[in-house]
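Step one of this worksheet: look at the structure below.
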Amino acid sequence: MARVAVLVAGAVLAFLLAATNVTAKRWTVGDNKFWNPNINYTIWAQDKHFYLDDWLYFVYERNQYNVIEVNETNYISCNPNNPIANWSRGAGRDLVHLNVTRHYYLISGNGGGCYGGMKLAVLVEKPPPPPAAAPNKNSARRTFSVSGFAYQFLIPVAVFAAVGTRY
């Protein structure tokens with residue numbers, strides 16, 4: 001029974017230490033206009049912040065366009081040759097996982113789409129740190145953190161449960 005308590009305490013500790021407040025966002029490229037020609041995707045992206053583990057969701061006419069990743073030079077010249085990645089999966093509903101902090105250069109290499117404006121460049125950044133909690137002037141000076149909780153409660157419980165099994 002005590003071993004179960006140790007396992008439960010360990011599982012709770014692992015869960016609390018792994019929990020984060022950061023969530024990835026799925027961006028529909030072009031919003032309700034989707035991935036189509038004659039849309040300025042530079043303007044669409046200019047007021048957005050793309051963070052690590054966000055997703056770009058491309059919706060387009062599958063028989064006419066595609067989504068490929070190219071280098072900056074090929075992005076500028078709308079050259080689809082030698083792509084870094086082809087994100088098209090054939091259904092016209094493609095996701096690009098922004099899993100590295102860097103520039104991503106995406107174009108449509110089919111149907112002259114890139115020349116019609118179907119090109120998107122985004123810079124992926126690390127997420128900002130969570131905001132610091134404002135101090136409460138009306139209460140005693142107490143702070144709560146996952147690590148403080150772990151050291152003050154979960155670890156003693158786990159130690160007690162482990163020692164309790166020997167006696």
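Glycine is treated like the rest: Cβ placed from N, Cα and C.
According to Swiss-Prot, the signal peptide annotation covers 1-24.
Among the features that Swiss-Prot reports, domain 'Phytocyanin' is placed at 25-126.
Cβ neighbours of N40 (N-linked glycosylation site) (same chain, under 8 Å, six or more residues apart in sequence): G117. Look at Swiss-Prot and you will find N40 (among others) tagged as N-linked glycosylation site.
Feature annotation from Swiss-Prot assigns N-linked glycosylation site to N71 (among others); the stated evidence is sequence analysis. Counting every protein chain shown, 13 other Cβ atoms lie within 10 Å of the Cβ of N71 (N-linked glycosylation site).
Taken from Swiss-Prot, the feature disulfide bond applies to C78-C114, supported by sequence analysis. Spatially close to C114 (disulfide bond) yet at least six residues away along the chain are C78, P80, I107, S108, judged by Cβ distances under 8 angstroms.
What Swiss-Prot lists as N-linked glycosylation site is N86 (among others), and the listing cites sequence analysis. DSSP assigns N86 (N-linked glycosylation site) to a strand in the three-state reduction. With a cut-off of 8 Å between CB atoms and residues at least 6 apart in sequence, the same chain places N66, V67, I68, E69 near N86 (N-linked glycosylation site), listed in sequence order.
Around the Cβ of N99 (N-linked glycosylation site), 12 further Cβ atoms fall within 10 Å across all displayed protein chains. According to Swiss-Prot, the N-linked glycosylation site annotation covers N99 (among others), on the basis of sequence analysis.
Across the domain 'Phytocyanin' (25-126), DSSP helix (H, G, I), strand (E, B) and coil residues number 14 helix, 34 strand, 54 coil. Across the fold, the C-alpha of N99 (N-linked glycosylation site) and the C-alpha of N71 (N-linked glycosylation site) stand 17 Å from each other. With a 10 A radius on its CB, C78 (disulfide bond) counts 18 other CB atoms from all the protein chains.
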